[in-house]
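Summarising the annotation, TrEMBL assigns repeat 'PPR' to 107-141, 174-208, 209-243, 244-278, 279-313, 314-348, 349-383, 384-418, 419-453, 454-488, 489-523, 524-558 (among others).
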Amino acid sequence: MFKVGLEEAYPLAAAGKEILRGFIRHHKDKVFGCCKLIFPVKRQGRWVLAVSATDTCCNIGKLNAERSNSFEEFENNNYLRRLVRNGELEQGFKHLEKMVSQGDIPDIIPCTSLIRGFCRGGKTKKATRVLDILEQSGAVPDVITYNVLISGYCKSGEINSALKVLERMSVAPDVVTYNTILRSLCDSGKLQQAMEVLDQQLRKECYPDVITYTILIEATCKESGVGKAMKLLDEMRSRGCKPDVVTFNVLINGICKEGRLEEAIDFLNNMPSYGCQPNVITHNIILRSMCSAGRWMDAEKLLAEMLRKGCAPSVVTFNILINFLCRKGYLGRAIDMLEKMPKYGCVPNSLSYNPLLHGFCKEKKMERAIEYLEIMVSRGCYPDIVTYNTLLTALCKDGKVDVAVEILNQLSSKGCSPVLITYNTVIDGLAKMGKTERAMQLLCEMKERGLKPDIITYSSLVGGLSREGEVEKAISFFKELQGLGIRPNAVTYNSIMLGLCKARQTDRAIDFLVHMVSKGCKPTESTYTILIEGIAYQGLTNEALELLNELCSRGAIKKTSAQQVVVNF
């Protein structure tokens, strides 16, 4: 045997420590094989490598070649990591293909990240292709790799593909694997199939955890009722799996939804005896059920009991109570509740203020509504689109369309983009106030914003034009919506017929009725009363009365409505 310096046998200084790590990671078998040829010894206080004299000549060239290959493979994996980390997924995929084509074994960690990236982008098939390449390369994906792909398929609603990945796994699935699939099946209403997967899980001796059973208990409550869910709770305990507060919350929620509030309260009170303390969510479930049942006094007592036990209320707790008080018209008490929130460390959000604003609007107290909108903003709580839609609806109903338009114009500057219902509300308000031209300008504006008008938008405009005597323009809009594939409803037809009748074109109105029926749109009572009044308006009172009597006898018009029509003759 002869000895050489460590730097000569393996030039660490030149290649760096990372090369050695990469070499060992990807070629463990080769490293251990080389250990038979090269081994460190200490000579004169200096570490050197001892190399077998018999094997040196025939193997040193092979070692150098493998070292070179491992360095290239390590660098390729590093480059793959950088591409994935920078979000360059397509480039990463191409680089992965190139690596495998030249015999490199890819690192599973960046490949798992690549799969995750494709799944997040909705490219589950591409993610599966990464797994295929990984498996074909000789690398062994771990359970995390498979779980990431299964999760991606479940989130995209491709549960059958997720199940196929479960079947092809080259490593044993863990409880996370099964929980992901069970959650997806239960959310899709496939409880029976979920129970079959649970049986498969048990056969493979992968034992369910508290999350597994909570998922199944929640689905069973929804599909089969709390009674069957309780049997699952018993099974859970018999397997030594202890339910937690989330499990009990699911059961209490199920009991409340079945209208068994007293049982839910008993369950809440008994939770400590089961070794589990109720949390704020538990109390919120009961509070919501109490408020739905109109039991305000009990809700107040429960809130006091929460505080006595040291269970701090959350923003949701107060929002439940504020919403109830506003629905009942107790706006003063709702304001008191709102003002108490900071005392308990709760900052009101838009869901705290929205019921108040809605309550003021309902009572036509627009000044108070706007006042609280300003208070809301001054406290750093910015209104959402629901807040503004509530306010705009109330303003339009109150005839204050100009104020509504002004608020609409300010929305974008306040960081709140208007949606379709926002525009529809203001367009309808303008049309009803005889300002259809301004409403049509808003139609153009919403199209520029990329919002697609619907039948409500066009019906409002058609109705406005008809009321203003612009029946031909209304018919043009009617034809436009048909060209866009939007199906007119009874309101749209009625608006056109009303405009034609006012223009003494009852014959054309009757033609529209025929067209309406031919398109499968059922006439309403208003359809017939519009036509009857139109006939009378043209001086054909006897004919109108005859038609009215005929329609009453057929049940198309109620007698009370017929009497009102006669008054209008």
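FYI, residue positions are counted from 1 along the chain as it appears here.
Backbone N, Cα and C define each Cβ position, glycine as well.
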Looking only at residues six or more beyond either end of the repeat 'PPR' (244-278), which have a C-beta under 8 A from one in the stretch?
210, 213-214, 217-218, 221-222, 225-226, 229-230, 233, 236, 285-286, 288-290, 293, 295, 311
Any residues 6+ beyond the ends of the repeat 'PPR' (524-558) with a Cβ under 8 Å from its own?
490, 493-494, 497-498, 500-502, 504, 506, 509-510, 513, 516, 565-566, 568-569
Same chain, outside the repeat 'PPR' (174-208) by at least 6, Cβ under 8 Å from its Cβ: which residues?
143, 146-147, 150-151, 154, 157, 159, 162-163, 166, 215-216, 218-220, 223-224, 236, 239, 241
Determine which residues of the chain contact the repeat 'PPR' (419-453) at the Cβ level, with the cut-off under 8 Å and only residues 6 or more beyond its ends counted.
385, 388-389, 392-393, 395-397, 399, 401, 404-405, 408, 411, 460-461, 463-465, 467-468, 470, 486
For a three-state summary based on DSSP, what are the helix, strand and coil counts in the repeat 'PPR' (384-418)?
26 helix, 0 strand, 9 coil
What is the three-state DSSP composition of the repeat 'PPR' (349-383), stated as helix, strand and coil residue counts?
26 helix, 0 strand, 9 coil
